[in-house]
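Trainee: Taken from TrEMBL, the feature domain '3-oxo-5-alpha-steroid 4-dehydrogenase C-terminal' applies to 145-250. The transmembrane segment annotation in TrEMBL covers 50-70, 105-126, 146-163, 207-226.
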């Protein structure tokens, strides 16, 4: 599962760099040749909010079930279940009360992403359960992991909030984001999401958790670069100094 998770996420990131995008958010109708447009008409389309709820709800329920109904053999196990539950609860609340939507999502995009989140969450917690009876790692990364996780979800929420305030009610046009780390990178919310999952991997300290965090970083790096390219093509006034993901670097 560690190999499958890492390679599938890394491949998705490289696909973003090649211009083959996961079709949600600003890319939901991007690969629009006549044949693909006709094919898309035959696939059920969801509203942006419904699609995003489908993405995160199964993973949240999996994490919450493990938190409430399964025994925790260690503090690390309890912290991991709690962190994953909090992460996906935050995402569901943002979907319902924070995000503004400009497009929809096809069901053939929503289901694979939803399954990926669900399986990754369940596998991460199950992998933690397999460590029962094994000695603790020689270097304990729980506390740095908690700090990284909290900074990650806080920074991610803050920049999602900034994005939501850029549009008035009913406005579906994209604008160049301003404020926070948007002055330096176009996807600071992805930067903090990566930080959050790195924090989760430090809390867990299992091979699967680290593999998932690295795969997520590669996918979101590719998505960030594609997003910057999209903004450069859409806005002539887009600042060249604004990077994709990491300030002053990438």
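A Cβ is built for glycine as well, from the same backbone N, Cα and C atoms used for every other residue.
Whatever TrEMBL says is automated annotation, not expert-curated.
What you see is a predicted model, and the numbers here were worked out from it, not measured in a lab.
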Trainee: Go through 50-70, 105-126, 146-163 and flag the stretch with the largest number of C-beta pairs under 8 Å relative to the transmembrane segment (207-226).
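Mentor: Comparing 50-70, 105-126, 146-163 against the transmembrane segment (207-226), the winner is 105-126.
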Trainee: For the domain '3-oxo-5-alpha-steroid 4-dehydrogenase C-terminal' (145-250), give the DSSP counts of helix residues, strand residues and coil residues.
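Mentor: When I sort the residues of the domain '3-oxo-5-alpha-steroid 4-dehydrogenase C-terminal' (145-250) into the three classes, I find 69 helix, 2 strand, 35 coil.
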Trainee: Tell me, what is the mean pLDDT of the domain '3-oxo-5-alpha-steroid 4-dehydrogenase C-terminal' (145-250)?
Mentor: 93
